[in-house]
Amino acid sequence: MGNSCSNHLGIPPAKGPNAVGCTDFMMDHTAQGSFFRLYYPCQTTEKAERPDWVPCKEYFNGLTDFMNINRTLGEKIFNYLFGSFKIPASLDAPFKSNVKCPVVIFSHGLGAFRTLYSAICAELASHGFIVASVEHRDQSASATYYFREKTESEKANKKNVPKTPGSAQEDNLVREWMYYRGLKHGEREFPLRNQQVKKRADECILALDKLIEINSGTPVQNVLQTQFDWTTLENSMDLCRIAVMGHSFGGATVIEALCKEVKFKCGVALDAWMNPLDDEIFPRVKQPIFFINSEKFQWAGNISRMKKLDSAVIQRKMITIRGTVHQSFPDFTFLTGNWIGKLMKLKGEIDPELALDLSNKATLAFLQRHLGLEKNFNQWDPLIDGQDDHLIQGTNVTFLHKPASLKASKH
């Protein structure tokens, strides 16, 4: 399997005025701890190292498990297609911002992990946001890891085991992998997904709590060995301006997190999959929400659940990007040639860079409006209402019994 135009492929660089850095953070080595990739405005450095898009082979294994492909074959295919790509950010680069940064917590989709939305996260960071892309430990990620303490026999044998550089600060920790859990035979989907979305929201809130600690100057111990100096983030964040954002299952996580945590002032849900949510939480969500949908993924039942969040007093917006598919939001869409991309449903009919650019600009305009930012993102306000040839206001999905349309709220 080859890629006819691999020399032109890659995750596009961010377009904002700031250079972008990224680093990984894990606090509490157990599965109950917080694990995220942080994107932030950084100093421009000449010898910037760009991290691998897929951090190690276990993530390829997780992707092949998620897609029900043989691991040996799948790892070769994925490594061939995606193994050489880098993230458009400088690893562990020094933080730099002249003003306090608003904060976004990002939640990945089913079968994804923390690095797969780097184009979106880096774009936000280039416009002055600090973005924590959470890696979920609810068994919805294709792969993730945590650490356990070594047994006495493992400690005794440690002299015979070569050290893995950068794996953990503590010599007595062992990396444990957690892979995607599919539905068991005869298992109902809702109970599992509902349990997962609640844990995911808690993990988003925990990541925010860790950022608040870091911002306050509380010393933190990152289990992972990185070169990044976390003390430089003291007093760097504008904690009155915090949003939550996610794709697919991450879109449902946005709704759940808004319900659970009022520090999130608004949410952006990219092609949200609403199935995991309890209807009873909808009236309890008081913050503005922006649904940005693809043209090919949505269906009447899913859209009708989004419309249950409609409000006469709280702004709830929805747009659809023409020519897009569900995978137009993760980085995969930039990393395959046309025929493979369309075969694997990673590409739609629209130029993927144009599609994500529209999504990012609409997001920035919405965040400015509802976080009260003093930026120039309001130049893209018309996109919030679908005013572009490539956008549809509301949805392209037709209903047999049409629900109440999304009201154009002024709030």
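From the backbone N, Cα and C atoms, a Cβ is placed for every residue, glycine too.
Features as listed in TrEMBL:
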ACT_SITE  S248  active site, nucleophile
ACT_SITE  D271  active site, charge relay system
ACT_SITE  H326  active site, charge relay system
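Mapped onto this structure are the features recorded in TrEMBL.
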residue: S248; record: active site, nucleophile; Cβ within 10 Å: 25
residue: D271; record: active site, charge relay system; Cβ within 10 Å: 28
residue: H326; record: active site, charge relay system; Cβ within 10 Å: 21
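The CA atom of H326 (active site, charge relay system) is located 8 Å away from the CA atom of S248 (active site, nucleophile). Here the Cα atom of the residue listed as 'active site, nucleophile' is found 5 Å from that of D271 (active site, charge relay system).
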